[in-house]
């Protein structure tokens, strides 16, 4: 997977002019980013409830929720796993620009196929969407292609990119789930998501020829490469759909692949005979485990916490507020809204702490992230045990507080994690290490599906029991990382 600009720094910068101090093509890519994330998060917001009500309604209630949670987890696991394949295709077959271009157009039929309320057709369409979205991984790299390596605006450009992702993720649940899906039926929510994908594809088609690297000659690129990649995606749909329908097989594949990846880095470290690099890989592995566990807890937001909000959380308001009636799916916009508000604050906070010599080390930030997501579940445990309303539900503010803890934890862990991978990995394995980091989120999705399945039997008490495990387990793991942080820092050998 392509993760840095080092291999193609010699590409000429586009002569696209500047707007508000940034290259004009950046704003085009930001529009594409909003559209693709609108599509992705638009249907992700209601995927689990839709599946439970449409495809598993014949099952007992607890089994229907469990199967829907497994489907959601499988979708997320495959989406991040195929990003590795998409990165390889971009690097070796199509080039970054053409890979993204193909991805944007292939996303649309995947979403349209999901409008068909037939489980087999839906699963095939979901698998096709997952493969298409994997091809779009070069979008992150193309942001940097618009800047010289030493351009001081470069970091600001990536900050705008991060905000564009979350703006799309914030708006999408309002439009696709709460408005169109809840009012006219969720199949129309998929169609609304497809409109966002069409916008992204049309905008990129308009300007893609001006992108640096639009005519890249890559290792295996030949005339007809695009049809061949499309055909390969169609061929891979069937095995991907089979994995989505068989969670136990998905488990085996995910853990086998991550085990092989870890084995590769162990063997590589031994062969190098470089003590410093070997210890850095140990540090990277420890941070990797923390990242996987954090996201396993955080990703419950669109599965178990989605059903929890539907069945056990009181409305935040009654009637209409600013013309909007309450729907539990509005909670799906909370995390990106928090990020839009808090990301600039955190971006200022770390340098401020650094100037005073009290900026936490990277391992300690990971521990803080784990602690905060655990404490978020603690709020829900306390609410269920002590603050239930007369109808047996809990107040909406408690779930908002849970999401706040998770979001601050994400901002403490996720951006720092992506930044440190390329520094800890050997130079010639940095791309593979980043691919492994992405693939770790596949493991997180899989774990989150297994955790979510534990909440489906026993009503609100089952949620309280699982949330309590997450609270105490998360605190214990966070404590280990906070205490071990100085040792992990030593293993990093100067990398910050």
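Keep in mind that glycine also has a Cβ here, set from the backbone N, Cα and C atoms.
If you check TrEMBL, you get these features:
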type     : residues : note
TRANSMEM : 25-47    : transmembrane segment
TRANSMEM : 68-90    : transmembrane segment
TRANSMEM : 121-144  : transmembrane segment
TRANSMEM : 156-180  : transmembrane segment
TRANSMEM : 186-206  : transmembrane segment
TRANSMEM : 227-246  : transmembrane segment
TRANSMEM : 252-270  : transmembrane segment
TRANSMEM : 329-353  : transmembrane segment
TRANSMEM : 365-384  : transmembrane segment
TRANSMEM : 396-418  : transmembrane segment
TRANSMEM : 430-449  : transmembrane segment
TRANSMEM : 469-489  : transmembrane segment
Is the transmembrane segment (186-206) close to the transmembrane segment (469-489), in the sense of at least 3 CB pairs under 8 angstroms with a sequence gap of 6 or more?
no
Determine which residues of the chain contact the transmembrane segment (227-246) at the Cβ level, with the cut-off under 8 Å and only residues 6 or more beyond its ends counted.
71, 74-75, 78, 82, 89, 93-94, 99, 102, 106, 123-124, 126-128, 130-132, 135, 253
Ranking 25-47, 156-180, 329-353, 365-384, 430-449 by the number of C-beta pairs under 8 Å to the transmembrane segment (186-206), which range is first?
25-47
Looking at the stretches 68-90, 156-180, 396-418, which one shares the most CB pairs under 8 Å with the transmembrane segment (252-270)?
68-90
Per the 3+ Cβ pairs under 8 Å rule, pairs at least 6 apart in sequence, do the transmembrane segment (329-353) and the transmembrane segment (430-449) touch?
no
Which bits of the chain, at least 6 residues beyond where the transmembrane segment (396-418) starts or stops, bring a Cβ under 8 A of a Cβ in it?
162, 287, 290-291, 294, 297-298, 301, 305, 308-309, 313-316, 331, 334-335, 338-339, 342-343, 346, 362, 365-366, 368-377, 379-380, 382-383, 387, 434, 437
Same-chain residues near the transmembrane segment (121-144), Cβ under 8 Å, at least 6 residues beyond its ends:
1-5, 26, 29, 32-33, 36, 40, 54-55, 75, 78-79, 81-87, 89-90, 96-97, 99-100, 102-104, 106-107, 109-114, 154, 157-158, 161, 211, 213, 229, 233-234, 236-238, 240-241, 244-245
Beyond the flanks of the transmembrane segment (68-90) by at least 6 residues, Cβ under 8 Å
1-3, 44, 47-49, 51-52, 55-56, 96, 99-100, 103, 126-127, 130-131, 133-138, 141, 229, 240, 243-244, 247, 250, 254, 257, 299, 302-304, 307, 431, 435, 438-439, 441-443, 445-446, 448-450, 452-453, 456
